[in-house]
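Novice: The following block contains the structure, expressed as structure tokens.
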């Protein structure tokens, strides 16, 4: 039977687009109100805030995150190559802006190790190109002068003209200038992606790519912190192969290790790891996580200050951290041009991590988020703070999990966390002067436990899916051994190539009938299937398009044991020889058979079927080449008196076949060529016999 298709009314796309444009451009008070409330979701949920029910959980989680945020912010400044004060600014402004614009109730937006690393790599590169010394402890010189005259060291501010930036600027000034320009451009990209609804870009970052990227970047982060752990002074490596070059420099200078830093690092790592393991084991008994990082920082600062570790043992310390806020400043336009390309992967990674974490929390706690609004939120979390000497932000998994485990209900907890950071900014920052950098490095390394544990999951991942494991390995290796940005690009390209290869060489099979049923399955995969006499059933498990056309034909010819082109050529050659013998009056053929017996030779013994059924259930679409391929096999097999029947075609494939003329001009023979199940096609072939 032939099912009748519904007739769909033709849509005038031009009129639809004009109507949408008129609707979007119109402005009414109600529409303006909805726009403002959609742009600032806090206006919708804050008036409905259940104070008695939510306030305790929000305050508790906000305080815990704030306590965790302060030491992490100071530590992650090492990754970004900036002073700790800028990390604190970043954490403060990101929490406030996401509170106003975010749609997730639980996600924690702020400073993030991977984003800090990507910012730091760009900052280091530009500092190097500008002629600055990347050594953290380099003495002030012409390229690293204070902005104030100093008669004792004979170091004065100088007029720096780099990339059109004509101002008195030292190393720290130029570094934060690069970071804010990069952050501003990344935020602009994210807002533009939100305006043009380009959130689908995140779909090309599979879980394997993201995990591999995070693990590779974690290896880079760990490598960058080793010099602080053991207290050696080596130049910060730049460019491709940074991980290998850094390890070579570490082993070359291992003899210069600072014993005080080594001992401090060992103690801190043991304490932090032990506390984390105990926290994970007894987390069901603890109402909130242990503030181990804060305790370690306070104790280490006191020991360093009263033990005079910097003066006596030359242990590297954080130095002066000013209080208050620096006056806002517009990011420099010429610097934006220098970092415009670097900002693109930064914008995508920041957005993808934020949306994926937001969706995870929304699914767990049964509410919805708006991905497009999340893009606006994280975009403005970058644009606005860039005027206040902050750098790029993103949602962070570890802090989000802590937030949810400590009773967070809404983003009011983010405001509480921002207040904790503000307290440090206004009053407590100078107290961290004597804090050793090796302690900060320990905090960073221990925070990488989750990403580094992915190595333990490789066997299980390989057991589940070998291709995804290969994508993970390639992305991780490229991110670690080449660079993070190139690693991300390599991962995306490689994962897409894997998809293309899998569609180019998909599974193909001949099907057999399940006994006493009307169902058919792969003859090589299942036992006790019966073959259908005089009928071959071929399944192709992929779209049929230009890239896999040849594989489709080769697989068909191999499984059916018949190439119609070769068979047609063989027959023509045989007939030609027969005609030559008949002209000579010889009534025997080249094989010594009589003319009457020759006809039997025209149908070779290997052709053991008279109908070919193509199972199209796995063919999702056809392009022009695919349609022409099916028309070709229809003609070739017809020349051998073998009928080709299509089964289980979806409407898209049927439409492509109709447009390509597969069923003829008037579709008169469609009922004899197209069937809605394999069994119908097989029954038709048997009846035709």
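Cβ coordinates are placed from backbone N, Cα and C, and glycine is handled just like the others.
According to TrEMBL:
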- 525-685: domain 'STAS' (DOMAIN)
- 54-76: transmembrane segment (TRANSMEM)
- 96-119: transmembrane segment (TRANSMEM)
- 173-192: transmembrane segment (TRANSMEM)
- 212-230: transmembrane segment (TRANSMEM)
- 335-355: transmembrane segment (TRANSMEM)
- 376-398: transmembrane segment (TRANSMEM)
- 410-428: transmembrane segment (TRANSMEM)
- 472-501: transmembrane segment (TRANSMEM)
Novice: I'd like to know the mean pLDDT over the domain 'STAS' (525-685).
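Specialist: Value for the domain 'STAS' (525-685), mean pLDDT as a whole number: 85.
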Novice: Are the transmembrane segment (212-230) and the transmembrane segment (376-398) close, by which I mean at least 3 Cβ pairs under 8 Å that are 6+ residues apart in sequence?
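Specialist: No, these stretches are not in contact.
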Novice: Most CB pairs under 8 Å with the transmembrane segment (96-119): which of 54-76, 173-192, 410-428, 472-501?
Specialist: 410-428
Novice: Cβ pairs under 8 Å only, please: of the recorded stretches 54-76, 376-398, 410-428, which one is richest in them relative to the transmembrane segment (173-192)?
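Specialist: Most Cβ pairs under 8 Å with the transmembrane segment (173-192) come from 376-398.
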Novice: Are there residues at least 6 beyond the ends of the transmembrane segment (376-398) whose Cβ is under 8 Å from a Cβ of it, and what are they?
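Specialist: Hits for the transmembrane segment (376-398): 39, 80, 82, 85-87, 89-90, 93-94, 97-98, 101-104, 107-116, 118-119, 176, 179-184, 186-191, 193-194, 325-326, 328-331, 346-347, 349-351, 353-354, 357-358, 447, 450.
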Novice: Six or more residues out from either end of the transmembrane segment (54-76), which same-chain residues have a Cβ under 8 Å from its Cβ atoms?
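Specialist: Result: 84, 87-88, 90-91, 108, 110-113, 116, 287-289, 291, 293-294, 296-297, 318, 321, 399, 402-404, 406-410, 412-421, 424, 432, 435, 440-441, 443-444, 447.
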